[in-house]
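A.B. asks: Right, I'll just put the structure down here and ask away after.
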Amino acid sequence: MVSKIYSDNPVHAKSGMTMFYISINLGSLLAYLVAPSLIGYQFGALAVLSVVFIGKLLAIINFSYRYKIYENVVDEIDKKPMTSIAKKVVLGYLAIVYVFIVICYHYPDYANVVVAVISMFCLLLFLLRTIFFLKDDVRIKQIVGLILIVVAVVFFVIYNQMESTLVMAAKNNSDLLMFGFKVNAASYQIVNPILIIFGGMLLIRIYPMFPRFYIPYQFAVGVLLAAAGLFIMYYGFSIDNNGIVSGNYITLSYVLISISELFVSAIGLSMIGIYCDSKTIGFAMEAWYISSSMANSITGLLNQVVALPKDGFSALESANMYKTYFFDTSLSVMLIGILVLILAYFLIKFMKIRNIDFV
């Protein structure tokens, strides 16, 4: 929808998507503030879900009230009511997904591998569809878009560390301080929405000043910043002698990964709208979300590397484990980021030679 609203100005489309992403993280910030105060009650989880329900209900009411202002940007198919066959297809799809989720829930050891294989198959299908059904410049742009989707898989793997290994490292091997204030392990995540909100507002003003900071470059920089975020953790554990790292290193790691999120995730869907064929935009958006799903599967497999033993461990043992993990992961992703940066340069040069419009 954002891409359609700003279809005549791709730079504004990036800014519009960033603003949309800011609003999402504003809601995320409210969630971080509200949820902890509710979760401690007897029906805490239900209370949190009730807040989610109220938020979604307000969103639906607001959209229904303002629906008419989008009439000039929606497709004709959006204006038509769903046929009975389409409804049956949707219900059948939901039933299949539900059964699949239940099976994965009962077999968690195999779920990550199965989801990763399915994700790879879907991305391959998207590539084949692009090669054989599109032509000329449209095909080239969509292939570039697919390359960026694959790059996003690498980014999301690092992004997921904020909710997994970074939280566990903070819980087991940090002084739980943030700029001198005592916090709990999960509280470091509040850095993410705050930085997205204020950093996003700054980026909206910066984008028009740097028109040559194209989306492929942004993805490459995002991956490099995410790698730097994990390397900071390695450095923190390297200079530590007692297995307890300063919480400020964890905070800085969250800062760098959050900034990288602005360069990748915040403009990901607008990239889909700009680089991918409008006739297959739904399939392209599916490919983007599949990249996130695939990254989740890879994250699950990676997290097993630093899974701490149940029979007890010392702070030094876990610190050495985290140090090795953060070094190996950050170095690997940094090399990938450098390759993406080089690839981005040649992709942009190629598109300029072909006089292909892009941002």
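Every residue, even glycine, has its Cβ placed from backbone N, Cα and C.
This is the feature table in TrEMBL:
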type: TRANSMEM; residues: 20-39; note: transmembrane segment
type: TRANSMEM; residues: 45-65; note: transmembrane segment
type: TRANSMEM; residues: 89-108; note: transmembrane segment
type: TRANSMEM; residues: 114-134; note: transmembrane segment
type: TRANSMEM; residues: 143-162; note: transmembrane segment
type: TRANSMEM; residues: 186-207; note: transmembrane segment
type: TRANSMEM; residues: 219-237; note: transmembrane segment
type: TRANSMEM; residues: 249-275; note: transmembrane segment
type: TRANSMEM; residues: 287-306; note: transmembrane segment
type: TRANSMEM; residues: 326-348; note: transmembrane segment
A.B. asks: Would you say the transmembrane segment (186-207) and the transmembrane segment (219-237) are touching, if the rule is that at least three C-beta pairs must lie under 8 angstroms and be 6 or more residues apart?
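C.D. replies: The transmembrane segment (186-207) and the transmembrane segment (219-237): touching, no.
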A.B. asks: Ranking 45-65, 143-162, 249-275, 326-348 by the number of C-beta pairs under 8 Å to the transmembrane segment (287-306), which range is first?
C.D. replies: 143-162
A.B. asks: Counting only CB pairs under 8 A, let me know which of 20-39, 45-65, 143-162, 249-275 has the most with the transmembrane segment (326-348).
C.D. replies: 143-162
A.B. asks: Is it true that the transmembrane segment (143-162) and the transmembrane segment (20-39) have 3 or more Cβ pairs under 8 Å, skipping pairs fewer than 6 apart in sequence?
C.D. replies: no
A.B. asks: Quick check for me: are there 3+ Cβ pairs below 8 Å between the transmembrane segment (20-39) and the transmembrane segment (186-207), leaving out pairs under 6 residues apart?
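C.D. replies: When sequence-distant Cβ pairs are counted, the transmembrane segment (186-207) touches the transmembrane segment (20-39), since at least 3 lie under 8 Å.
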A.B. asks: Near the transmembrane segment (186-207), which same-chain residues lie under 8 Å Cβ to Cβ, leaving out any that are not at least 6 residues past its ends?
C.D. replies: 11, 14-15, 18-19, 21-22, 25-26, 28-29, 32, 162-163, 166-167, 170, 178, 213, 247, 250-251, 254-255, 257-259, 261-262, 266
